[in-house]
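Listed features, source TrEMBL:
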type: COMPBIAS; residues: 1-10; note: compositional bias 'Low complexity'
type: REGION; residues: 1-21; note: region 'Disordered'
type: COMPBIAS; residues: 11-21; note: compositional bias 'Basic and acidic residues'
type: COILED; residues: 24-86; note: coiled coil
type: COILED; residues: 119-146; note: coiled coil
type: DOMAIN; residues: 248-445; note: domain 'Kinesin motor'
type: BINDING; residues: G331, Q332, T333, G334, S335, G336, K337, T338; note: ATP binding site
Amino acid sequence: QRAEQLSQLERQSEQSEWRRGEELRKREERVRELQLELDRERGREPVVKYVTQTVEVESPAAIKQLNKARQRNELLSEKLSNQNERLELSRCLQFVTWINLSDRLTHYRADLPQIAAYEREISELKEDLLKEIGHLEERKEEKLALASAQEIIILCCLNMMIHAFLSLAGLQKRLTALPPTLRSMKTDYTSLRSQVRNFSEFYGAAISEISAAISEMSEANKDLLEKYRKEVALRRKYHEQLVELKGNIRVLCRVKPVLKEDQHEEGQAVVVTTDPNNESSLTVINKGKGRVFDLDKVFHPQATQEEVFQEIEPLVTSCIDGYHVCIFAYGQTGSGKTYTMEGTVENPGINQRALKHLFSEIEDRKDMWSYTVTVSSVEIYNEVLRDLLSKDGEKLDIKINPDGTGQLHVPGLRIIEVKSFQHIKKVTDTYEPLQTGDKLKEQPT
Ligand SMILES: Nc1ncnc2c1ncn2[C@@H]1O[C@H](COP(=O)(O)OP(=O)(O)OP(=O)(O)O)[C@@H](O)[C@H]1O
């Protein structure tokens, strides 16, 4: 605005200067004209003087004219001086105006850098203003979007409120219809609240009772554990006594019954008899003479697999009490070794029953003891030792060391010392015992 004012003022000053120049020029022209007229008038003086003289001499009319001319001359001179004065005054005025204008111009020119700064500021402000307008536009758009969303939400809310209001109205109706139920519920609620209040006390008491019971139980458990340990010790003692009484090696005899297929053979006769009153006596008739054998136990021909197993069951238990136990069958071909040890699927023998008993005992003791069960199966046949659990019935060699320990010699390979009876899967220097639950391969014949 200042720059505009300045340029306007400059234009105004130029115009006024031009107008004044024009006026001055006109006045100067007028002055020149008047000067010329005056000169002309002056040039006409001798004529007037002559006339005057003539008039003076000749007539009063001429004198009158002369006076008029003089008056006119004076008037013109006066006018001229006035004009000159006015011209001077106008010049002065013009000069003063010009000075004023130039002062203002210089003043405005001095203000120019400030104006430029103002202009810059104004342009910056303008930019800011434009940005602000942009922001405002964006915000307006956002607000509009929000307003529309809010409008939708409000509509939904209104909808929900209407629904709620309707349901409330329905509920109120139902509530008014159900004051007795409400009253009973209120009483229930109050009683429940009092129960809840009392519950913390009850709960605290119950917790203390439970913890007391737990400590009692743990005490009882300790007692039981102690008793169990004592029991185990007692069992060991009894086992030792049993071994002492019965001997380290016990020989039991099972008399094979006469089977149907055997009855058709010619000359067949019963040569082995048992005494029902003596469980350890056996009579073998040879050439008409009976010979009595005393054994640890004799099973009569009708003895079941279960009865036979019951006799050796304590030995199986001793095995997991920490004793080495060996049960094996011997006898002539067809005398019933396989039947006694392995049995049939429907009527299993000692092997399966012993394992079943073993795992059931381990299960009973699992809280106190952990057991590792390993299995091996070897065959000595025609002086050849074979690992029956290996893939191809691997041949093994066995020798007795001077210190009594056994060694398996694998031809062409290293010697593997046997400290426990474990299955050797591969001929390497490591033992890989089978894990509990591993399935055994088909039993060899
Ligand atoms: N106590 C028994 N009750 C019924 N059958 C039996 C009894 N003992 C053996 N047998 C039967 O007699 C037959 C021969 O028995 P088994 O195969 O057990 O003899 P083995 O001593 O293992 O013979 P081998 O030494 O030749 O292997 C089988 O058919 C078997 O079922």
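Cβ coordinates are placed from backbone N, Cα and C, and glycine is handled just like the others.
TrEMBL entries are annotated by machine, without manual review.
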*Average model confidence [pLDDT] within the coiled coil (24-86)*: 76
*Note down the number of other Cβ atoms within 10 Å of the Cβ of S335 (ATP binding site), including every protein chain shown.*
14
*Run through the region 'Disordered' (1-21) and tell me, per DSSP, how many residues are helix, strand and coil.*
20 helix, 0 strand, 1 coil
*Cβ-Cβ under 8 Å from G336 (ATP binding site), same chain, 6 or more residues apart: which ones?*
R254, K256
*Surrounding residues of the coiled coil (119-146) on its own chain - C-beta under 8 Å, 6+ positions past either end*: 3
_At 10 angstroms around each C-beta, which of the binding-site residues T333, T338 has the fewest other C-beta atoms nearby?_
T333
*Three-state secondary structure, which DSSP defines for G331 (ATP binding site)*: coil
*Across all the protein chains here, work out how many other Cβ atoms are within 10 Å of the Cβ of K337 (ATP binding site).*
17
*asked:* An 8 Å radius from the center of the G331, Q332, T333, G334, S335, G336, K337, T338 Cβ atoms defines the neighbourhood of the ATP site; name the other residues of that chain inside it, in order.
replied: K256, A329
*Taking the Cβ of G331 (ATP binding site) as the reference point, list residues of the same chain whose Cβ is under 8 angstroms away and which are at least six residues distant in sequence.*
K337
*In sequence order, which residues at least six apart in the same chain have a CB under 8 Å from the CB of Q332 (ATP binding site)?*
none
*If you draw a 10 Å sphere around the Cβ of G334 (ATP binding site), how many other Cβ atoms fall inside it, taking every protein chain shown into account?*
11
